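One structure is given here, and the rest of the page talks about it.
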Amino acid sequence: LFRAEEDLRVWEVEGSFVPLIILVFFHSQSNAIKTSKYNIFNFLPLNLFEQFQRLANAYFLILSIFQLIPQISSLAWYTTVIPLMVVLSMTAVKDAIDDLKRHQNDNHVNNRSVLEKKWMNIQVGDIIKLENNQPVTVSTSLGSDFFSFWFEWEQGNPFSTSAATAETNLKVKQAISVTSEMENNLQLLSAFNGEMRYESPNNKLDKFTGILTYKGNSYFLDQDKLLLRGCVIRNTDWCYGLVIYTGPDTKLMQNTGKSSFKRTHMDHLMNVLVLWIFLFLGSICFILAIGHGIWESRTGYYFQNFLPWKEYVSSSFVSATFIFWSYFIILNTMVPISLYVSVEIIRLGNSCYINWDRKMFYTPKNAPAQARTTTLNEELGQVKYVFSDKTGTLTQNIMIFNKCSINGTLYGMHFVLAYVFQTTEKVNFSYNKLADPKFSFYDMTLVEAVKKGDRRVHLFFLSLSLCHTVMSEEKVKGELVYQAQSPDEGALVTAARNFGFVFRSRTSEIIVVVEMGKTKVYQLLAILDFSNVRKRMSVIVRTPENRVMLFCKGADTTLCQLLHPSCSALRDVAGEGSLRTLMVAYRELDNSFFCAWSRKHSEACLSLVNRENKMLNVYEEIEKDLMLLGATAIEDKLQDGVPETIITLNKAKIKMWVLTGDKQETAVNIAYACNIFDNGMDGMFCVDGSDAETIRQELRYRWESCHSASLDPRFLTHLFTQYGFLL
């Protein structure tokens, strides 16, 4: 049974009848995708409509109509129609070739096979099986968003979402434990009987709200249970899932949008030029028509015996009107219809040059540059602003654990000596059989603190080994391979591993950690997810000693506000340095308090209305009065050639903006390292504001204060005019 209810979808699953029931209500909603603009029926009218948005084409169309009127036509109709048809035909052929490639790609996708069915025939309600390294993408075997029932591995499963979100880091997807009893038993899967209520199709890739009602109990569903079209399964032998969105309803297609006719700056410029030529032509015809009317009224009227008027000419004004349109036709060569043909040929040639350019060939992937359209090529040279992310774009996205501060003591300063003088030896981790041989650290005092059993140091590394979403894989005994959603987490978990706190494995209910050679199992009670708003993540575990502990890590600007007042003396030490810093804290929870909080957490999870805000409020109730353990400092090196590239962009008058979530000191240092800032710049200042009015007032203050300082007022004037701030 399926019905729409406001913003929610209700769907009952009753055994093997699911596909038949869904087909009744979704017969018209197949899983086929369409990225092309035209088909055999709408190509001619739609393409002509787009082409006649060019003023020159519209002008010659009107001119052709006028030439069919014998009273004003002084030239044969075909002198205008034939050139116009040639121009329209050449452009139509080019557009048809571009769209034919889209059709071929669509057909290639829609006819892929999935479980002995074509990709386009997958329906909402189908239960399907995916295997390791099998993509959920438009270019291979599956293209539906589906809810995951059961994975072969209980410890969670990484998925690559590069095609869906442009991120190459692995994301952990976890099936709910209540469906684990079905495993890969097809009889149990076909007999599954439950009801799913979930949101209507939308384009939000990072949000999903739903509830599964099964055996009288309700289980909340979020984005961690949803596999999106565009993902690729990694490190998972198989999984079963229930299709909930298909075709244009999938989140990836919801973000695609409709194909629209795009006009370049060159097209706009040519339209403006043609408009001015058209006005100039009209003024000339108007002057000539006035002169003709004056001559006819003063002279021609008296010479009708020699130059008789046509029968449809009753006065000199009528004669002047007809002659106006006659001149309008005769002087049509002033409007350069051939200009559009020349531009189209140049665009086609530029596309070929892009495809043939050896300097744009990417050798590691054997991939040449490819111009997917011949319409927008000249726009490549019109870039004025470049907006860039920092991590993974300017930097290598390879994180290195360099320093840390634990209980007010700073470790890792020997790294600077090792980097500058290359004299300090690396710490020998041979005593730890599970250590990562690639990990490097240069401060032996931290190893000694771990061996001495310092409680704060042990809690610090225990927090790093528990508070994360990393997945572990052990294909060869004793050789652990970590799959992390972000390099930051991978670097921190690897550091804890080398210092004796080895994250071994995890499921949806437990986390296994080897602490100084002893294996301990922690019961995973709750995960308080990281988000861009919270800027932190927390885990709540029950220790083998039956203590309930909350471990939290996050940005120093956020975590400082959640610390217990007794931790104020440690805050400044924890935030030192200009590297990427994260603060680590913990809190021991009372059992009764946690049970009460857990009930609130479950209610918020099962809410279908305003769930996100309710979850944030519940998180804030428990993430407070934290005890600070310390902070970590991670280095993310620049990619090769970044400073030189930015200098080249500056020479081309391209303005560079970099978006980063780092604190101010780190952002400034990165800007200097990238040559976005240089030592020759005067008057660098920081503007702090959350709305346009605050920013405008701050800039006005700087502009006024520059008159009494050494700062050149022209600098701020340039700033206002270039970046849109008006005094």
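Placement of Cβ uses the backbone N, Cα and C atoms for every residue, glycine included.
Values in this document were obtained by computation on a predicted structure and should not be read as measured data.
Residues or ranges marked as active site, 4-aspartylphosphate intermediate in TrEMBL: ASP389.
Among the features that TrEMBL reports, ATP binding site is placed at ASP389, LYS390, THR391, GLU489, PHE530, LYS553, ARG580, THR660, GLY661, ASP662. Around the Cβ of ASP389 (active site, 4-aspartylphosphate intermediate), the number of neighbouring Cβ atoms within 10 Å comes to 12.
Per TrEMBL, Mg(2+) binding site is recorded for ASP389, THR391.
Positions annotated as domain 'P-type ATPase N-terminal' by TrEMBL: 29-81.
Taken from TrEMBL, the feature transmembrane segment applies to 75-93 (among others). Within the same chain, residues 43, 47-48, 51, 57, 60-61, 63-64, 67-68, 329-330, 332, 337-338, 340-341, 344 sit at least 6 positions outside the transmembrane segment (75-93) and bring their C-beta atoms closer than 8 Å to a C-beta of that stretch.
Sequence-distant neighbours of the transmembrane segment (272-295) (same chain, 6+ residues past either end, Cβ-Cβ under 8 Å): 54-56, 59, 316-317, 319-321, 323-325, 327-328, 331, 334-336. Feature annotation from TrEMBL assigns transmembrane segment to 272-295 (among others).
Residues or ranges marked as transmembrane segment in TrEMBL: 315-341 (among others). Within the chain carrying the transmembrane segment (315-341), a Cβ under 8 angstroms from the stretch's Cβ atoms is held by residues 54, 56-57, 59-60, 63, 66-67, 69, 71-75, 80, 83-84, 86-87, 90-91, 270, 274, 277-278, 280-282, 284-286, 288-290, 292-294, 296-297, 300-301, 309, all 6 or more beyond its ends.
Reported as a whole number, the C-alpha separation between ASP389 (active site, 4-aspartylphosphate intermediate) and GLY661 (ATP binding site) equals 9 Å. For the domain 'P-type ATPase N-terminal' (29-81), residue counts in helix, strand and coil come to 25 helix, 0 strand, 28 coil, using DSSP. A C-beta separation below 8 Å, combined with a sequence spacing of at least six in one chain, links PHE530 (ATP binding site) to ARG536, MET537, GLY554. Looking only at the domain 'P-type ATPase N-terminal' (29-81), the predicted model's pLDDT averages out at 81. The full span of the recorded ATP binding residues, ASP389, LYS390, THR391, GLU489, PHE530, LYS553, ARG580, THR660, GLY661, ASP662, taken as their largest Cα to Cα distance, is 23 Å.
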